[in-house]
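A.B. asks: Once you've had a glance at the structure underneath, I'll fire off some questions.
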Amino acid sequence: MTENTPDLLALTATEAAKVRAGEYDRVIPTDWPVGERWSTRLWGDDDVDVWLISWVPERSTELHDHAGSLGALTVVSGALAERSWDGEALRERRIDAGGQASFDRGWVHDVTRHPDAHDAATGEAATPTLSVHAYSPPLTAMSYYEVTPGGRLRRVRSELTDEPEGPTGGRGIDELLASARDRIDRVEAADLRAELDAGAILVDTRPAAQRAAEGEVDGALIIERNVLEWRLDPSSDARIPEATGWDVRWIVMCQEGYSSSLAAAALRDIGLHRAADLAGGYTALAAAAATSG
């Protein structure tokens, strides 16, 4: 385990340089989500987790700690605002691109995109604001706090989590679905043949009973949803022969085109940046076939 924050600061600086050099381009979305933070684990082991986070305006992490984990960050682009509790009051600082911050155990802070986040070279608004974060040991829990009217820090809840700078609350499935579709391609049934002719691979994630009841799709790979990432990740020991690289164009299909959107977004999160889903799923494909027939 990394026992001091200088080690984590050096680590995040190294990984931030790799992000700027394009070494992690395969895990970075083509179109950044504009309504919420986005994050992906760059790598991790038993001792440390390293994450890349994008920040959007007016989305707070809430005041929180990192339980028993040390932490550090390096800003890759844009600027962050950090409010931290110094024992008596909240203190705010701006952290620009190249700037760093470290967090000892017990550190309570809130991080947001700075409202005046501009690129230092061009003066243009920085989109996105990116930062690399490291935690040692990897996160297992976070507690959230508020400042009382009497000026004291009060814990309001604790959560088990392994994700950094956690969300400010749960999201409904409609919001999750919209977020997923905001960062993937959706292929219409009428365009599927052209995609397949160009080298795309269709993956049918429907359960066996549903395929038996509704029908099979000729040429589709059958991989049920619960093992999809392991089968398609080219670095996984459980990968299928077709998982030859990060540039494969996977098109995920379910029955009606809902769970496939979430699955395609998950594939993009692990680095399969061309993953897409079939809009309307098997239902749309069958309807298109009936119309053309």
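Glycine residues also receive a Cβ, built from the backbone N, Cα and C atoms like all the rest.
Note that the structure is a prediction, hence the values are computed from the model and not measured.
Straight from TrEMBL, here's the annotation block:
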type	residues	note
BINDING	HIS64, HIS66, HIS118	Fe cation binding site
DOMAIN	196-290	domain 'Rhodanese'
A.B. asks: Under 8 Å Cβ to Cβ from HIS66 (Fe cation binding site), same chain, six or more residues apart: give me those in sequence order, or none if nothing qualifies.
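C.D. replies: When sequence neighbours closer than 6 are ignored, HIS66 (Fe cation binding site) has PHE103, ARG105, TRP107, TYR135, LEU139, MET142 within Cβ distance under 8 Å.
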A.B. asks: According to DSSP, how is the domain 'Rhodanese' (196-290) divided among helix, strand and coil residues?
C.D. replies: 38 helix, 13 strand, 44 coil
A.B. asks: Check the domain 'Rhodanese' (196-290) for me and report the mean pLDDT.
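C.D. replies: When the pLDDT values over the domain 'Rhodanese' (196-290) are averaged, the result is 93.
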A.B. asks: What does DSSP assign HIS64 (Fe cation binding site), in three states?
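C.D. replies: DSSP assigns HIS64 (Fe cation binding site) to strand.
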A.B. asks: HIS64 (Fe cation binding site) has how many other Cβ neighbours within 10 Å of its own Cβ?
C.D. replies: 24
